[in-house]
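**Q** Sharing a structure below in structure tokens format, with a few things to ask.
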Amino acid sequence: MKLNKKTVEDIQVKGKKVLVRCDFNVPLKDGVITDENRLVGAMPTIKYLVNEGAKVILCSHLGKPKGEAKPELSLAPVAKRLSELLEKEVVFAADDTVVGENAKKAVAEMKDGDVVLLQNTRYRKEETKNEENFSKELASLADVFVNDAFGTAHRAHCSTVGVADFLNEAACGYLIQKELKFLGDAVETPVRPFVAILGGAKVSDKINVINNLLEKVDTLIIGGGMAYTFLKAQGYTIGKSLVEEDKVEYAKEMMDKAKAKGVKLLLPVDNVVGEEFDANTTPVTTEDANIPEGYMGLDIGPKTSALYADAVRTAKTVVWNGPMGVFEFANFAKGTIAVAEAMAEADATTIIGGGDSAAAVNQLGFGDKMTHISTGGGASLEFLEGKELPGIVALSDK
């Protein structure tokens, strides 16, 4: 996948109508935005376009309305908060059809530097199917397309891919530019030693990532629920831990592949276990990697935490995707905390691959210590798998 794409700075925007696909998929509670990170993240691109005298038309999805106009998933609260963040009015075009009379009127009345926000693109069932009619409607409002929503770059939808077919120029905003730089450099030209840390519940979610990263890394660290399938493949007892029986053979193959490639594959040497999947179950630390009958693994143990932290501290590039244990339970969060602390201390390029790891790092207050926290869980995973992301492919090459 070519990463050398036009950015907002490579295109003429003054006096032009610029349709910007943002990621405003923010959590709402009773119509109030509870986490506005994504709105703040979109500011540099929007402010640049406003300052350059573009007519800025913003669009995004919110939640999963599944092709129906659901009032609780309206972008109205987003328009209000964006107006405050930008310190200028963001006109909200409240059309259930997204590109309706309100949108057309608002766009027709725009002056250079004005900002309009369209309604939730997923109010239209065509959006997620990338159907041409809706792509054309979106494109009819604008002269140029800018995509700044990395979180949906792995989806071929009207507002991420289809619209680019009907406009002459398509560029990326600052958010996507940053994602491509950090994720791209890490995967294509990492400063070594390059360490990748994979956690989370399932091996099956990460099969292609493991396979692709074994071609690139010096050390691969595995934790979280997926580690128990690997421990079983090594011949350890795993009690009643989460395991994917149909992936045990695959785990063996990956261990062989790591050996053949000279990649260090680090797996837990001890575990923190409990009798129930419950925050209040008594935590017990095992002597070694074996998990006794009647217990389930819920976190990596202290020896493993130290082993993983050492590998991270000596790295020059670290990519992390997925927690080391059941992070939401305080008794089983220590492994995830240890890895986050080691990354914060490392003299390295440190990249968090979105999703749960990003939430964990931000909750622990280490967010500002990381080089880059990806804004897209699914998109960053597919990037690490070596897949082409349709939303990036659709942009104009430099």
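Keep in mind that glycine also has a Cβ here, set from the backbone N, Cα and C atoms.
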**Q** Which residue of ARG122, ARG192, ARG313 does Swiss-Prot report at the same substrate site as ASP23, PHE24, ASN25, ARG38, HIS61, LEU62, GLY63, LYS64, ARG155?
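**A** Record source Swiss-Prot; matching candidate: ARG122.
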**Q** Taking the Cβ of each of the binding-site residues and counting other Cβ atoms inside 10 Å, which one has the highest number: ASP23, ASP356?
**A** ASP23
**Q** Between ARG122, LYS206, which of the binding-site residues has the fewest other CB atoms within 10 angstroms in the structure shown?
**A** LYS206
**Q** Specify the nearest of the binding-site residues LYS206, GLY297, GLU328, GLY355, SER357 to HIS61 (substrate binding site), where nearness means the distance between Cα atoms.
**A** GLY355
**Q** Consider the binding-site residues GLY297, GLY355, ASP356 and say which one has the Cα lying nearest the Cα of ASP23 (substrate binding site).
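**A** For ASP23 (substrate binding site), the spatially nearest of the binding-site residues is GLY355.
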**Q** Can you tell me whether DSSP puts ARG122 (substrate binding site) in helix, strand or coil?
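**A** The three-state answer is helix.
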**Q** Helix, strand or coil: which one is GLY297 (ATP binding site) in, per DSSP?
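**A** Reduced to three states, the DSSP call for GLY297 (ATP binding site) is strand.
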